[in-house]
Amino acid sequence: MSQRHPVLTMTAISKIFPGVRALDGVDFRLFPGEVHALMGENGAGKSTLIKVLTGVYGTDAGTVTLDGARVSFTGPMQATAAGVSTVYQEVNLLPNLSVAENIFIGREPRRLGVVDWRAMRRRATELLARIDLHIDVTELLGSYSLAVQQMVAIARAVDVRARVLILDEPTSSLDADEVAQLLRIMRQLRDDGIAILFVTHFLDQVYGIADRITVLRNGRLVGEWPTAELPQLALVEKMIGKELDALESIDADAGNDPEAVAAGPPLVTAEGLGRTGSVAPFSLTIHQGEVVGLAGLLGSGRTEVARLFFGADRADQGQLTVDGTPTTIRNPVAAIDRNIAFCSENRRTEGLVGELTVRENIILAMQAARGWLRPVPRRRQDELVQRWIEALSIRPANPDLPVRNLSGGNQQKVLLARWLITEPRLLILDEPTRGIDIGAKTEIQRLVVKLADGGMAVLFISAELEEVLRLSHRVAVMRDRQMVTQLTNDDTLDADRVMNAIASGGHEEGAPA
Amino acid sequence: MTTTPLAARADRAWWRVPPRHVPVLATLALLLVMYGVGVSQYRAFSNVQVVFNIFIDNGFLLVVAVGMTFVILTGGIDLSVGSVVAMTAMVSASLLRSGLPPALVLLIALLIGPTLGFAMGCVIHFFDIQPFIVTLAGMFFARGMCTWISASSIPITDGFWTTMAQERIRIGESFVSISVLIAVAVVLLAAFVLAYTRLGRNVYAIGGNPQSALLMGLPVARTKIAVYTISGLCSAIGGIMLSFYTLSGAPLIAVGMELDVIAAVVIGGTLLTGGSGYVFGTVLGVLVLGVIQTLITFDGTLNSWWTKIVIGGLLFAFILLQRLVGIRKK
């Protein structure tokens with residue numbers, strides 16, 4: 001490989017956002033005719049790197065060279081013109097136009113200024129035939145499946161004479177057959193000499209197609225390896241990292257013994273619960289006073305499981321039992337009625353209303369549960385809000401401040417307070433500690449332990465394995481949208497065993513609880 | 001797409017209609033049914049002149065609706081059209097009264113609409129303000145200008161205008177006015193632009209998804225401003241045609257016309273959210289409105305408000321139809 005020259009080299013790239021060093025001296029190179037997987041957990045800096053490359057962001061330091069010449073794109077259009085095309089997870093095409101037009105719009109073949117439809121159709125058909133896609137190019141793009149749309153996007157991308165093709169999570173919403181077809185196309189393009197940067201969360205796909213892997217973590221380069229030299233377990237370790245945790249240790253076992261809780265009355269039981277295209281059927285029981293952790297890489301289906309429990313997505317198979325009564329949870333309101341609360345992963349867009357005050361945000365769920373015709377009296381509001389601001393030490397302790405002015409950790413606490421007011425029996429926490437400082441993190445972890453001691457069942461989702469292990473009585477492991485195993489958190493369970501389960505799909509450890 | 005090749009049709013059952021054509025075909029069916037009812041009820045209805053009269057009476061509406069089709073295809077709306085029509089007629093009438101030569105009057109009158117449209121398009125695009133609000137402001141501005149020019153109606157006695165108003169072009173036993181020829185020309189030109197030029201295709205692209213259109217490197221700004229300018233130009237042409245038709249400029253003429261125009265475009269199968277529709281559909285939409293008016297005139301006992309009631313019902317039905325077609329597609 002030494003005599004080959006990389007088509008693209010990024011050297012010592014740094015990118016700083018206010019308060020965050022999103023990329024810190026990252027190197028990346030891409031050879032012609034290879035598929036190079038860019039791996040890393042959420043916040044590792046993958047998207048930032050791609051955006052720097054395609055000119056969406058400028059760099060704070062570092063250089064990008066394309067074919068030996070230094071480049072600095074001012075936007076995706078310029079990058080595309082230079083031969084660096086990107087296909088995003090959400091297909092950025094036009095569903096209301098025909099397939100042919102989606103490939104050629106903006107550079108339609110014309111005769112005397114008039115769009116030459118016949119030539120456009122012929123060329124589109126030829127182009128798609130090259131990637132072995134035989135469809136009617138005059139049909140609307142929207143009438144085809146997402147997979148086909150994705151392939152059309154790729155066809156458009158490579159037809160502008162791309163030398164570098166960036167595929168940003170192209171497979172996340174495709175089914176197995178569609179993925180196989182997409183990977184086949186990728187191989188073909190690779191053999192044609194195109195350099196492909198592939199971002200995905202699916203380990204199988206990485207090992208199925210990638211020639212090389214670059215791993216990022218927390219904005220830093222962890223390393224670059226040929227795929228053959230990096231076993232799955234090593235990859236998972238490098239992605240998640242085993243940092244020495246600066247947090248005070250919290251002994252979950254001091255509260256409840258895993259065996260004892262598991263023997264207690266089950267609160268919620270899922271049997272074969274699943275949703276096509278979202279998460280494969282799984283069975284999971286959560287007992288009163290039990291913390292069940294969901295471990296797995298980003299995109300492995302952790303959030304999807306939580307959404308099924310909360311009715312944010314409707315399960316299309318399986319049965320959910322709450323308190324021994326089989327139930328169908330059609331929507332979040334039904335879940336709230338059954339005392340299930342869900343702190344979403346995305347507190348800015350799904351949870352909190354930034355313009356409303358701390359008080360209003362805290363009261364929101366309770367008000368929704370009561371119905372809008374019965375407003376919560378102001379005195380009671382003040383009382384409740386005050387109590388929770390103190391209990392969770394929300395700072396600044398001013399209930400009339402708009403929530404968006406609070407720090408991430410405090411926003412998270414406001415969201416928690418909102419749900420705790422409704423006195424839930426099952427609390428679902430999706431990444432409650434992501435992006436918040438260590439102090440707030442510890443407080444939230446302590447709170448989880450305390451709530452479980454008080455008999456609340458908690459479904460705890462976190463990308464940080466250490467945290468999951470510290471808090472959970474039981475750990476359910478997700479991989480590629482399947483719940484592969486459930487491990488009881490006794491003395492023998494450590495991060496290695498969980499990582500092993502994530503990497504191997506639980507085959508060695510397969511002992512469902 | 002206006003052209004569908006035979007090759008593609010071959011593997012498709014001949015009776016299977018692509019969903020995007022359903023609204024237009026529904027309008028066509030409705031139009032035929034209404035015409036059939038007219039013919040069966042009233043003897044004189046089958047006279048070809050009845051159809052020509054619909055075109056004569058609604059030629060200016062058709063032209064304005066063609067401009068509106070461009071705007072709605074991008075997902076926008078233009079509420080100023082009625083006022084611009086009135087303003088153009090007013091300006092023409094007052095300039096003619098002051099003795100300017102007709103050619104110069106025509107030129108000035110035809111420039112006002114596109115200029116206002118261009119300005120509104122710029123505001124909509126560069127300040128990212130809702131088209132609804134911007135064109136509402138344009139509507140009030142243009143209507144205000146009408147009354148500023150004159151609070152009462154100004155008659156037109158110019159020779160060129162009266163010729164245009166009275167000239168009859170014979171087609172067999174029947175006749176049409178010059179305005180009808182102008183309308184047909186505008187329709188054909190617009191259909192060509194939408195189907196065969198980059199500008200036209202970009203109009204559809206923006207209506208489909210402006211974000212994607214931008215990422216695909218299409219000139220979103222230029223196209224958006226262009227559609228409001230085109231709509232302004234069509235309104236100006238419509239205004240001139242209206243002044244031919246009425247031989248006057250009146251400050252309160254064409255009040256609420258923008259709503260008839262929008263109704264015609266939507267009944268013609270163009271999606272209000274943009275990205276799907278045809279000029280041919282808009283022609284059908286205008287004809288549906290015209291046939292309803294004619295049926296009510298023929299009946300003689302019904303109040304003309306029935307036109308509005310029927311249009312209201314139809315509009316509702318067509319929006320539901322669009323929704324259903326949209327859902328089935330998903």
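Glycine residues also receive a Cβ, built from the backbone N, Cα and C atoms like all the rest.
Between the stretches B:45-66, B:133-154, TrEMBL puts its transmembrane segment entry on B:133-154. Non-local neighbours of the transmembrane segment (B:20-38) in the same chain are 45, 50, 267-270, 276-278, 280-281, 284-285, 287-288, 291-292, 294-295, 298, 314, 318, 321-322, 325; each lies 6+ residues outside the stretch with a CB under 8 Å from one of its CB atoms. Highlighted: of the candidate stretches B:133-154, B:175-196, B:278-298, B:305-325, B:175-196 has the greatest count of Cβ pairs under 8 Å to the transmembrane segment (B:225-245). Counting residues 6+ beyond its ends, the transmembrane segment (B:133-154) has Cβ neighbours under 8 Å at 77-80, 82-84, 86-87, 90-91, 93-94, 97, 116, 119-120, 123-124, 228, 248-252, 255, 258 in the same chain.
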